[in-house]
């Protein structure tokens with residue numbers, strides 16, 4: 001019995017020592033790994049090329065061509081452009097009817113306006129005797145020919161009479177909306193796509209008339225489509241009910 | 001143990017029968033058994049739903065480049081098994097010399113919520129809950145008090161007496177969420193992005209409570225995303241599918257922005273209210289805005305120093 005107890009005691013002592021050893025060892029290891037973990041970025045920055053490349057090799061990442069090594073060497077060498085979308089050209093008027101062969105067609109502005117005398121005073125489609133009568137117009141109180149060119153109806157004109165192609169409509173808008181144009185030039189007005197870092201890729205920007213109808217430029221109202229379902233908010237239907245009840249109380 | 005004859009001594013009959021040696025043995029035996037049980041207790045969870053490799057990553061993380069590659073490869077395989085989709089998970093590191101900053105033009109934002117939806121799709125959020133890192137708050141004009149706002153508005157926007165305040169992670173320079181994490185599963189990187197290691201997070205949600213912007217989300221259940229809707233372009237610290245029971249947050253789309261691209265919420269914005277860039281670049285858009293516009297910081301008095309600005313023009 002004594003022998004067994006002694007063996008048991010020895011076993012327990014060994015186990016306890018082993019446990020302590022494991023715990024100490026493990027906490028040390030864990031500290032190490034945490035340090036590695038936190039300082040991961042530094043390691044990667046210090047040893048910039050090797051770890052990233054080897055890792056990309058290992059996993060076959062598609063971003064490898066754009067990884068750090070080539071970028072650093074070509075920072076100033078390749079600057080991608082900022083591409084501002086442009087209208088394709090002068091607008092064309094779709095014909096209401098079809099030609100004898102049954103084809104639909106479109107005509108240039110100059111097809112009619114070449115032979116019509118321009119009315120420089122006109123400000124509203126309501127005062128037109130034919131054509132363009134269904135248009136909505138809500139752009140201050142300027143006349144049609146403030147922007148459209150009476151001399152060349154397939155182009156626009158600036159306030160000083162300079163002819164501007166439809167493609168360069170932003171030059172025209174910027175005459176009055178200089179504040180917006182300045183913000184646009186600094187990325188603070190108008191949407192964009194692509195890259196923030198022009199050393200890695202181009203950036204595509206909208207032009208004025210992508211978002212603003214030149215004849216009624218205020219940005220239209222939108223309908224909210226997507227809503228997260230937060231647990232603390234409850235179902236949206238309850239909310240509607242609540243709103244309804246509230247407005248009822250007001251009446 | 002063999003001496004069990006009754007004694008007349010009233011004090012502690014059981015112990016009295018042991019020698020001192022036996023008592024010490026028994027004490028150590030109890031201690032040893034307890035220590036052993038405590039030491040192997042993590043193994044009880046290990047058996048459930050985790051591969052050996054995942055278990056080892058959680059508890060004995062080792063991060064040589066080769067091992068990191070192994071982890072990424074394993075995560076890709078697991079996504080293939082669980083979601084039946086081919087994805088690539090990269091480990092995008094900060095670009096040296098960048099600090100990412102975001103700005104939103106509150107004069108332009110109309111609360112349409114396209115950014116919320118874009119975030120949902122880009123970051124592989126759970127489809128059922130419509131989860132997203134962004135909430136747009138409809139605010140009465142004349143105040144910046146978020147308590148007066150509502151996130152559940154609907155219908156045609158903008159409403160005349162309201163303005164719209166999109167809120168997401170502000171990537172604070174003094175992030176309270178990082179301070180409270182008991183296991184250091186979340187930290188701030190060199191380019192300013194506060195990230196979470198989803199395999200290190202224990203899901204205690206302290207960070208969620210600490211964040212004054214409600215920028216963190218907890219995965220109450222396994223995210224369900226159909227394979228064809230899954231964004232395959234993933235990163236370890238960003239939009240890879242998160243396991244259940246961990247906290248996640250906006251990373252400024254680091255799987256895009258650290259490759260030079262713009263964040264998904266910015267590209268989705270139809271009003272052009274969002275601006276993103278590197279504040280260390282003196283010619284960047286963001287610098288021009290900070291120098292020329294009326295710029296606000298959310299809850300500035302808390303001293304969190306956000307890398308996120310709101311401006312009016």
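The count begins at 1 with the first shown residue.
Each Cβ is built from the backbone N, Cα and C atoms, and glycine gets one as well.
According to TrEMBL, the transmembrane segment annotation covers A:6-24.
Summarising the annotation, TrEMBL assigns region 'Disordered' to A:55-78 (among others).
Here the domain 'Doubled CXXCH motif' (A:143-181) has long-range neighbours at 84, 86-91, 108-110, 113-114, 118-123, 189, 207-209, 214, meaning same-chain residues at least 6 beyond its ends whose C-beta is under 8 angstroms from one of its own. Positions annotated as domain 'Doubled CXXCH motif' by TrEMBL: A:143-181.
Marked as region 'Disordered' by TrEMBL: A:230-251 (among others).
Sequence-distant contacts of the transmembrane segment (A:6-24), counting only residues of its own chain at least 6 positions beyond either end whose CB sits under 8 Å from a CB of the stretch, are absent. Summarising model confidence by region, the domain 'Doubled CXXCH motif' (A:143-181) averages a pLDDT of 93. Under DSSP, the residues of the domain 'Doubled CXXCH motif' (A:143-181) split into helix, strand and coil as follows: 16 helix, 5 strand, 18 coil.
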